[in-house]
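Annotated features in TrEMBL:
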COMPBIAS  1-17  compositional bias 'Basic and acidic residues'
REGION    1-24  region 'Disordered'
TRANSMEM  135-158  transmembrane segment
TRANSMEM  179-205  transmembrane segment
TRANSMEM  211-229  transmembrane segment
TRANSMEM  241-258  transmembrane segment
TRANSMEM  284-306  transmembrane segment
TRANSMEM  327-350  transmembrane segment
TRANSMEM  440-460  transmembrane segment
TRANSMEM  472-494  transmembrane segment
TRANSMEM  506-530  transmembrane segment
TRANSMEM  536-558  transmembrane segment
Amino acid sequence: MKKQSKKEAAPHCELKSCSKNSDTQVSSIVLGPASSVQIPVPDEDAFGDHGDSASLGALNPAYSNSSIPQSSGGLSEEHFTTYLDENNAVLEEKHSCFSFRKLWVFTGPGLLMSVVDPGNIECDLQSGALAGFKLLWVLLLATIVGVLLQTLAARLGVVTGLHLAEVCYRQYPRVPRILLWLMVELAIIGVDMQEVIGSAIAINLLSAGRIPLWGGVLITIADTFAFLFLDNYGLRKLEAFFGFIFTVMALTFGYEYVTVKPSQTQVLKGMFLPSCSGCRTPQIMQAVAIVGAIIMPHNIYLHSALVKSRHIDRAKRQEVREANKYFFIDCCIALFVSFIINTCVISVFAEAFFEKTNEQVVAVCKNSSSPHTHLFPDDNSTLAVDIYKGGVVLGCYFGPAALYIWAVGILAAGQSSTVTGTYSGQFVMEGFLNLKWSRFARVSLTRSIAIIPALLVAVFQDMEHLTGLNDILNVLQSLQLPFALIPILTYTSLRPVMSEFANGLGLRIVGGIVVLIICSINMYFVVVYVQDVGHMVLYVVAAVVSVAYLSFVFYLGWQCFIALGMSFLDSGHTRL
């Protein structure tokens with residue numbers, strides 16, 4: 001890619017001095033004659049390069065003394081790149097309001113970040129079976145919030161040339177930075193475990209039980225190597241593969257929707273008329289799980305990195321605006337497809353299995369000669385489903401084709417989460433720790449951590465315990481959400497970081513409200529969990545962990561609200 005001349009900078013920009021960081025030259029510009037706000041301007045946007053933007057604290061002396069704490073790393077950090085070194089050229093065209101050719105160039109990162117994983121599918125089917133169509137409006141609101149957060153993530157990567165983990169590395173002190181990294185890694189490992197569980201269940205269903213669960217867990221090792229093989233062909237090929245996976249999921253779950261024929265009136269009513277009459281604790285917990293399943297924390301870090309794969313001259317504000325626009329469209333399209341898939345799953349189980357009893361299901365399964373009838377107790381208790389039983393029940397009511405197509409959809413969802421977990425893990429490790437690992441080493445570590453507990457449960461326990469582990473992991477995703485939501489809102493609201501692209505007052509207010517709601521919900525469930533432990537030793541351990549968790553969330557939230565303009569919270573002593 002030919003370097004852009006510094007003379008091509010925006011006409012009202014004053015060029016400042018340049019500093020060298022390895023092989024990458026970095027400049028900073030001052031926007032307008034009266035402004036002291038600076039943003040990083042790389043001469044060559046090497047994808048994933050820490051050197052393509054100066055330390056944010058070094059860009060503006062006023063920001064260096066800001067209440068937002070900073071790492072001492074600065075420009076002295078050693079140059080390194082991530083393993084996604086591609087830099088796709090953006091077509092040179094005359095300025096126009098919209099271009100399908102340019103949209104095609106920017107399309108791709110949205111597909112990778114809008115993954116629908118097996119844990120997401122399980123959350124959907126349980127929402128339909130427990131609450132019918134009543135929680136579809138929660139899904140819609142969670143998707144809208146997801147669009148907001150992912151747009152902020154993309155904007156951060158486009159404007160600064162750094163992804164979220166790199167920004168956190170430069171701005172947070174060592175202790176909160178390491179804690180933040182550990183929390184995000186925990187979320188990534190949880191997603192990887194859900195992929196292992198979902199794929200193992202799908203393989204068991206497709207083989208009609210001939211391949212045991214532990215065998216399916218071991219087989220998931222193969223998809224890791226398949227991903228590494230595919231990755232050698234470049235990012236665009238990987239994005240195309242993701243498009244294929246999304247198509248498979250849309251077709252399989254769409255088939256289930258057409259087969260079951262949910263009431264369209266009930267679907268629209270549940271989606272656009274917020275209410276939950278008769279909802280109790282299980283339904284409320286399921287609503288919270290939907291939020292955690294849709295807005296996955298590691299994907300916010302991932303999206304801020306993937307947008308760097310398109311070459312953008314950050315010296316030209318028009319190019320930055322244009323990139324933000326097309327990445328926003330890409331994000332909306334991808335999350336809309338994800339929303340349709342989730343809606344299909346919730347609606348299928350709401351129509352067919354809401355308020356069904358085990359006795360009714362057993363009778364139907366016996367009539368269809370299903371070999372899985374023993375999974376359900378022959379009593380009048382309410383049917384409880386998971387991704388395994390969900391496929392079985394679909395097979396009993398709508399034929400074997402529904403079961404096998406369901407399993408194919410679950411397998412496709414599992415493969416998608418493999419890719420996103422590996423990518424986000426690589427970016428998070430390199431961003432937070434300034435540490436390079438090979439692709440093989442990184443994938444081997446996370447997959448080993450994910451496989452070991454899943455394999456132990458599969459060998460020594462039954463299917464119910466394995467799917468129960470999936471439920472725990474869904475709750476884990478919700479608890480990890482503040483560790484992505486708060487940093488992205490914090491740094492996209494600061495003008496020294498984002499310049500004219502910083503969040504406006506309305507967006508900061510909405511973002512602050514979202515942070516308060518999600519953190520309050522998580523605090524509520526942490527308190528409820530501690531109260532229900534029941535054993536003194538476990539109670540003490542849970543209480544200590546909960547206090548540590550809430551304290552860290554409070555610290556991040558405190559810094560966030562200072563960044564949003566609440567300067568009265570700044571005591572001048574914010575370092576840990």
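Placed from the backbone N, Cα and C atoms, the Cβ positions cover glycine too.
Automatic, uncurated: that is what TrEMBL annotation is.
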Best-contacting stretch, by C-beta pairs under 8 Å, relative to the transmembrane segment (536-558) and drawn from 135-158, 211-229, 284-306, 472-494, 506-530:
506-530
Quick test of the contact rule: Cβ under 8 Å, at least six residues beyond the ends. What residues does that give for the transmembrane segment (506-530)?
145, 148, 152, 285, 288, 291, 475, 478-479, 481-482, 485-486, 489, 493, 539, 542-543, 546, 549-550, 553, 557, 560-561, 564-565
Counting Cβ pairs under 8 Å that are 6 or more apart in sequence, does the total for the transmembrane segment (179-205) and the transmembrane segment (472-494) reach three or more?
yes
When you scan the chain for residues with a C-beta under 8 Å from the transmembrane segment (241-258), skipping those not six or more beyond its ends, what do you find?
108, 111-112, 116, 230, 334, 337, 340-341, 344-345, 347-348, 394, 398, 402, 405-406, 408-409, 412-413, 415-416, 419
So, do the transmembrane segment (284-306) and the transmembrane segment (472-494) meet, by the test of 3 or more Cβ pairs under 8 Å (sequence gap 6 or more)?
yes
